[in-house]
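Q: Take this structure first; my questions come after.
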Amino acid sequence: MVPVLLALLLLLGPAVSEETQAGNYSLSFLYTGLSKPREGFPSFQAVAYLNDQPFFHYNSEGRRAEPLAPWSQVEGMEDWEKESALQRAREDIFMETLSDIMDYYKDREGSHTFQGAFGCELRNNESSGAFWGYAYDGQDFIKFDKEIPAWVPLDPAAQNTKRKWEAEAVYVQRAKAYLEEECPGMLRRYLPYSRTHLDRQESPSVSVTGHAAPGHKRTLKCLAYDFYPRSIGLHWTRAGDAQEAESGGDVLPSGNGTYQSWVVVGVPPEDQAPYSCHVEHRSLTRPLTVPWDPRQQAE
């Protein structure tokens, strides 16, 4: 589930920027609620991230906040009983909001999804940004603007949500204080337990493979995997000249705290020029070049 959730997080807010990867830090939360849960997909789940690394999760079945590795081995980082109680309270409010939206649209029988993402960033130990937004069935629903401060409705049903969440002036001030004070404070508290993991550099392993059907062009694939941080440069060269990839280029989580990426080029049958995969990553002292050996051809 984590890779899918991380993709949603990137859509909902700027929690994991390349600048963050360069030494700044972020704390963010992703909530997902389902009107019709099914096996393996509970009605509510929450995942918390430090930078791009999930560090605890919670769902409506276990109703406990549970730290993920390597934070599961850390003592004193968080009071997990207290965090569990907080997540249970947030679950109740979150699912009540989903129910209100379904009532507004008079669709209690449909299958609907409500998602929320919020968090903050530190740069040089100072607050440098924050976000808080929700989506309903994949469409923007409501967001918090801390500069006004106010909830900004992005859907007709969100007018009701705004009225409810702004019924008392203190509600808005609490949301603003959370983004500007509480969230950065939590992040500062977590960092002494987390910097070693978040600042680590893991070099990519690189594999080049090829396949050709009789009478067709040869397809070369360069796969880089098990690298961290996320940013990587990856391309094929022909006799030293960079080639445009036919496919690939995305950087995806591997599920173990590292990333993977690949690029594919097509080579005409008559082309005998040397091809190499060129890799640039922060963990490497110099770019890595891995030549394609035609003897490795996979039939």
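The backbone N, Cα and C atoms fix where each Cβ goes, and this holds for glycine too.
Just so it is clear, the model here is predicted, and its values are computed rather than measured.
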Q: Which candidate, Cys183, Cys222, does Swiss-Prot give as the disulfide partner of Cys120?
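A: Here Swiss-Prot pairs Cys120 in a disulfide with Cys183.
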Q: Cα of Cys222 (disulfide bond) to Cα of Asn256 (N-linked glycosylation site): how many Å, rounded?
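A: For Cys222 (disulfide bond) versus Asn256 (N-linked glycosylation site), the Cα atoms are 20 Å apart.
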Q: Could you round the CA separation between Asn24 (N-linked glycosylation site) and Cys120 (disulfide bond) to a whole angstrom and send it over?
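A: So the alpha carbons of Asn24 (N-linked glycosylation site) and Cys120 (disulfide bond) sit roughly 11 Å from each other.
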Q: If I take the alpha carbons of Cys120 (disulfide bond) and Asn256 (N-linked glycosylation site), what is the distance between them in whole Å?
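A: About 24 Å separate the Cα atoms of these two residues.
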Q: Write out the long-range same-chain contacts of Cys277 (disulfide bond), meaning residues 6 or more apart in sequence whose Cβ is under 8 Å from its Cβ.
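A: Val206, Val208, Cys222, Leu234, His235, Trp236, Thr237, Val263, Thr289, Val290, Pro291, Trp292 - these are the non-local Cβ neighbours of Cys277 (disulfide bond), listed in sequence order.
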